[in-house]
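Colleague: Okay, these came from Swiss-Prot:
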COILED    288-572  coiled coil
COMPBIAS  143-153  compositional bias 'Polar residues'
COMPBIAS  369-382  compositional bias 'Polar residues'
COMPBIAS  671-680  compositional bias 'Low complexity'
REGION    143-162  region 'Disordered'
REGION    168-189  region 'Disordered'
REGION    322-341  region 'Disordered'
REGION    366-385  region 'Disordered'
REGION    592-688  region 'Disordered'
Amino acid sequence: MAHLLGSPACMDSLRKDLTDLQGAIVDVFSRAGPVRFPSWKFPDRAACDLDMVALLEHYDHVPGDPEFTQLAHAVLLELVIDRLLLLLQSCASYLENLTLEQIVPPARAAGPCMSVGLTVRRFWNSLLRLGMLSQQAALQKRANQGETLTSKPTAKGEPAGSRELGTAQLVKPPSPVPGLPQACPERDSLPVSVSLRRPGGTAENTRSVHSQTIETALVPCDACTSVQSSLREVGKVVINLCQSQNLPSSLGRFQQLVRDSMGHRPLPAATVGLWAAEQSKDLACLGKLVGLLRAQLEEAEGQKDRLRMQVGELEQALQEEQAARQRQAQEAEQHRAQWERERQQLLAETSDLKTKVATLEGELKQQRESTQAVESKAQQLQAEAEHRLEAERQVQHLEQQVELLAGRLDGASQQIRWASTELDKEKARVDSMVRHQESLQAKQRALLQQLDSLDQEREELRGSLDEAEAQRAHVEEQLQSVQGEREQATTDLRLTISELERELVELRERERLLVAFPDLHRPAEAQIQSSGNVTDDMERQVQANDIRIRVLQEENGRLRSMLSKIREVAQQGGLKLIPEDQLWALRSKGIQGAEPPLQTARTSPGAPGRRHLPGSRPASAGRTLPGQPQASPPLRPHRRPGESSPEDATYLTNCAQSPIRALARLRRRLSPSSGRASPAHQPQERPT
């Protein structure tokens, strides 16, 4: 049987048996009333108070837990024993009620704790007493039937009804069994009724009198049916109220037990009494809940009055708030009028800016070309990236040196291990010498001297080991220092990169400002992207115009200084005027005979002959960026000896065509130091 412990089929069979036993127990309780005996499984609790539904849900088959499943199987077996004992105890109580002919079961106190044998013996004794009583009743019934058949009328004029009544009183049927449905007649009453209807030797003037009793009723009483239906309806209402208020319902559990055991059959008197008791418990619980709800209702009424007062205060505050909002609306109207005036003023300023834009359209093409300066900046950043690669190669070289030092450290470790093995060998020799001490007493002194020498060698080896450890620590310190230098170099490179990227972002932002906001009303073929906010666009346009104005003022200052220098040179006689025909002839000869000019000039982040953006000039004029070499003046093309200078001819031609370019070229020739400082601002010479 051990292999069946925990079997799902066995456990399901036990669960069904427990369900059937519980239904039978409820049926007996409905007829004899609940009996209160201690439980065999749980001695501290009454057997009739056990919640079998909860126990069956808890002790169930669990696939993943065999230990708990076996325990549940054992508990189910014990519960079967417990329910069987309770069934025997309740049946014994029911038999006692039948023996004593008690229709309503009396209230019983809690019974003693009885063993299985005592319970079975008590049940058997009750069953024997009932059997003896039933035999006595059967014998008495047979004797009464014999007397009825052999009896004759004593008087001729005696009515038949009186003899029938006397016979009926003589053969009185046994008392009805309490708890059985009243609609079911006794089987033993049928022959009695036959004997009453067919008396021997009846007179001609006799007549039958029919009487309806509880024992002979074939259908339930209409009043009982109506009362029980009303009781069920009231019970449903009470249970629904308890469920709606989240209250435990004793009547609901009792109704479920009655429905499982009896279905929709008429209830006995004992069950109706228990039904009324459980219903009164639920009604008392609902009465307490109604009292609490009334208290809460009174409290809610008080809160309602307080809320009304708060509503009045809030209405007054709302009126004040509305008045304040009206005042704010008036102030907002005044502000709107002021903003309208400011808008008109801004429109007037916009018209002024349009006139200024007309004067700055000539410089727009040069500003477009200045975007190429960013490309030169990118080339410089690429060169710096190459420098970073060179630094990374140096770091790799340092790492190789660190690996070399690590190899040396491994060699030193191997030497230390060799020394330790030698030391172990010497120790083994010493041990062998000690073992052979008795046989080599003559050589003891020599061995002692050799042992001293070995000790000295051991001390020397220990010293060498300490030196190797010190060298290893020194190598580790060098390795840490090299790693620190590497990390420092990496940090410096990252800082340099971040600084260059930040400068690149600034240059791009300046370029974007000067390219995206030169004018709010550009032609249709060159529309700029607007941010959607006219005020922000106008502020950016004003910023760009301020930058242009500052650049133009600086350019005017340089032009004035160049004019003064030109006038001084002209007064000294250094300038000569050449006719235009000779200039063209000289230029053509110079172009045919001159070698191609060399364009190998080192410049700052803008190509020679290209102008920076007005916003980017402060970054290049008068100072250089970190890591940026100073720009050198552009190299002049070589000339053959004996030829006229094509540069002079070109210079005079450009003077005739563009005075600004001529002044810039003359400034570069007269003041080379200023040309080296800011070559990015020199205008580019165009071939004619």
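The backbone N, Cα and C atoms fix where each Cβ goes, glycine too.
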Colleague: Is it possible to list how many residues within the compositional bias 'Polar residues' (369-382) are helical, extended or coil according to DSSP?
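Modeller: Counts, helix then strand then coil: 12 helix, 0 strand, 2 coil.
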Colleague: Looking only at the coiled coil (288-572), what is the mean pLDDT?
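Modeller: Mean pLDDT across the coiled coil (288-572) comes out at 84.
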Colleague: Residue counts in helix (H, G, I), strand (E, B) and coil for the region 'Disordered' (322-341), per DSSP?
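Modeller: Helix, strand, coil within the region 'Disordered' (322-341): 20 helix, 0 strand, 0 coil.
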